[in-house]
Amino acid sequence: MLRRALLCLAVAGLVCADAPEEEDHVLVLRKSNFAEALAAHKYLLVEFYAPWCGHCKALAPEYAKAAGKLKAEGSEIRLAKVDATEESDLAQQYGVRGYPTIKFFRNGDTASPKEYTAGREADDIVNWLKKRTGPAATILPDGAAAESLVESSEVAVVGFFKDVESDSAKQFLQAAEAIDDIPFGITSNSDVFSKYQLDKDGVVLFKKFDEGRNNFEGEVTKENLLDFIKHNQLPLVIEFTEQTAPKIFGGEIKTHILLFLPKSVSDYDGKLSNFKTAAESFKGKILFIFIDSDHTDNQRILEFFGLKKEECPAVRLITLEEEMTKYKPESEELTAERITEFCHRFLEGKIKPHLMSQELPDDWDKQPVKVLVGKNFEDVAFDEKKNVFVEFYAPWCGHCKQLAPIWDKLGETYKDHENIVIAKMDSTANEVEAVKVHSFPTLKFFPASADRTVIDYNGERTLDGFKKFLESGGQDGAGDDDDLEDLEEAEEPDMEEDDDQKAVKDEL
């Protein structure tokens with residue numbers, strides 16, 4: 001009997017030794033306990049992270065806050081994390097290509113976990129999970145339930161229907177199913193109608209900013225409701241941060257106007273107020289974004305727009321379609337009237353795109369590798385008598401730094417050639433209409449001709465590879481844009497950024 005008891009204790013000890021630990025309500029998983037955690041929890045959200053990853057560090061407090069909130073509610077949903085640098089087998093098994101990668105497991109299904117795609121704040125995480133595990137809209141039987149829902153999140157949508165089986169109520173539920181990151185509630189209770197000053201069916205979007213609530217007006221259809229929510233779910237002016245980036249770039253509004261404003265400036269409140277006043281006329285059309293130009297994390301964005309800290313406050317507009325296009329106001333005045341006028345003129349198609357260019361250095365053609373800027377690009381690259389091979393680079397790009405000595409040797413090789421020119425252009429400070437650069441370094445060949453031909457180089461990045469390409473007239477090593485490997489620099493180590501944040505970096 002004693003032997004049996006000791007055996008049971010020993011087995012229990014082994015099981016406990018493999019049981020997941022908890023850090024701030026978040027389960028710590030390893031390969032040895034991953035399957036056990038999936039079996040123990042019906043719903044499990046797992047973050048694959050790296051200890052050195054800046055985005056993971058920024059997410060950590062919000063992730064823990066979400067985990068604690070769900071645990072306190074007695075939810076079946078648990079949050080977990082895996083150090084993918086230590087558990088490389090798990091990372092490979094679940095296709096982790098960047099950090100953080102967050103996957104949602106339901107009923108222990110390892111074949112097709114759902115990728116988490118919502119925002120990086122605790123409310124976003126909780127709302128997304130509840131929508132994935134519960135009804136599209138929570139039934140609100142009384143005023144207390146309604147108040148709890150409304151107070152639970154920055155944004156909540158409530159449908160007030162005296163008949164919850166009506167066609168309008170069904171359209172409302174379809175809209176609720178289409179949105180993952182906002183909680184929806186539905187009620188037929190007369191006391192709830194009275195509590196929120198409704199005397200007939202309606203839909204209200206409640207929010208903890210700006211005007212506090214928006215009442216839907218019009219025919220209740222799924223499409224109309226989604227449009228109404230799109231117009232009203234974000235603040236009139238939203239600050240660009242690590243947490244808000246997914247909301248900004250994941251939304252349907254692809255025209256963004258950005259106010260670069262240091263929080264330390266003396267008239268900060270006044271300039272932000274002017275920007276907000278202008279925003280009122282463009283809800284659902286243009287997203288108004290404020291960027292703290294003093295913040296270190298935002299310096300790359302300033303660089304992308306060709307701005308320096310000392311040039312701020314400043315306003316720029318960008319369209320995030322397939323090809324991004326930037327626009328600059330004609331006036332540097334930051335009054336509400338000027339900003340409003342600029343936006344109207346943009347929407348009317350009266351503003352020309354803004355292309356950045358550095359000043360042309362006096363010695364731009366004195367070295368074997370010629371220096372191109374926006375102002376001399378056309379004359380050099382499309383010279384009908386010259387074959388011009390150009391590297392489009394970024395100063396911070398590690399791949400570009402590795403290529404630099406090879407590119408210099410290539411310049412030396414052809415410095416006395418009668419019709420071959422080796423050149424480079426800093427694409428973070430110069431833009432040209434003829435070439436869209438999506439990754440760094442990008443290498444393009446402009447053969448001597450009158451038809452403005454552009455050939456992409458997709459061969460080996462070696463001196464011999466480049467020489468073969470040039471001696472073959474741009475054939476040996478040529479490739480289409482679709483074949484180009486995306487070699488945009490990631491912060492070392494290579495896997496720091498997840499897909500959402502990499503998209504932000506690609507765009508900004």
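Note that Cβ sites are derived from N, Cα and C of the backbone, with glycine treated the same way.
According to Swiss-Prot, the feature domain 'Thioredoxin 1' maps to 18-134, an assignment based on sequence analysis.
Marked as active site, nucleophile by Swiss-Prot: C53 (among others).
Summarising the annotation, Swiss-Prot assigns site 'Contributes to redox potential value' to G54 (among others) and lists similarity to another entry as the type of evidence. If you draw a 10 Å sphere around the CB of G54 (site 'Contributes to redox potential value'), it holds 15 other CB atoms from the protein chains shown.
For H55 (site 'Contributes to redox potential value'), the Cβ neighbour count at a 10 Å cut-off comes to 22, with all displayed protein chains included. The site 'Contributes to redox potential value' annotation in Swiss-Prot covers H55 (among others) and rests on similarity to another entry.
Per Swiss-Prot, the feature active site, nucleophile maps to C56 (among others); the stated evidence is similarity to another entry. DSSP gives C56 (active site, nucleophile) a helix state.
Per Swiss-Prot, site 'Lowers pKa of C-terminal Cys of first active site' is recorded for R120. In sequence order, A58, L59, E62, E242, Q243, A245, P246 are the residues of the chain that are 6 or more apart from R120 (site 'Lowers pKa of C-terminal Cys of first active site') and have a CB within less than 8 Å of its CB. Classification of R120 (site 'Lowers pKa of C-terminal Cys of first active site') by DSSP places it in coil, neither helical nor stranded.
The domain 'Thioredoxin 2' feature in Swiss-Prot is assigned to 349-475; the stated evidence is sequence analysis.
Taken from Swiss-Prot, the feature active site, nucleophile applies to C397 (among others). In the three-state DSSP scheme, C397 (active site, nucleophile) is classed as coil.
Its own atom aside, the Cβ of G398 (site 'Contributes to redox potential value') has 15 Cβ atoms within 10 angstroms in the protein chains shown. According to Swiss-Prot, the site 'Contributes to redox potential value' annotation covers G398 (among others).
What Swiss-Prot lists as site 'Contributes to redox potential value' is H399 (among others).
Among the features that Swiss-Prot reports, active site, nucleophile is placed at C400 (among others).
Residues or ranges marked as motif 'Prevents secretion from ER' in Swiss-Prot: 505-508.
Comparing the Cα of C53 (active site, nucleophile) with the Cα of every entry in G398, H399, C400, these being the recorded positions, the smallest distance points to G398. Counting residue by residue with DSSP, the domain 'Thioredoxin 1' (18-134) contains 48 helix, 29 strand, 40 coil.
Here the active-site residues are C56, C397, and the one ringed by the most other CB atoms within 10 angstroms is C56. The average pLDDT the prediction assigns to the domain 'Thioredoxin 1' (18-134) is 92. A Cα-Cα distance of 22 Å separates H399 (site 'Contributes to redox potential value') from H55 (site 'Contributes to redox potential value').
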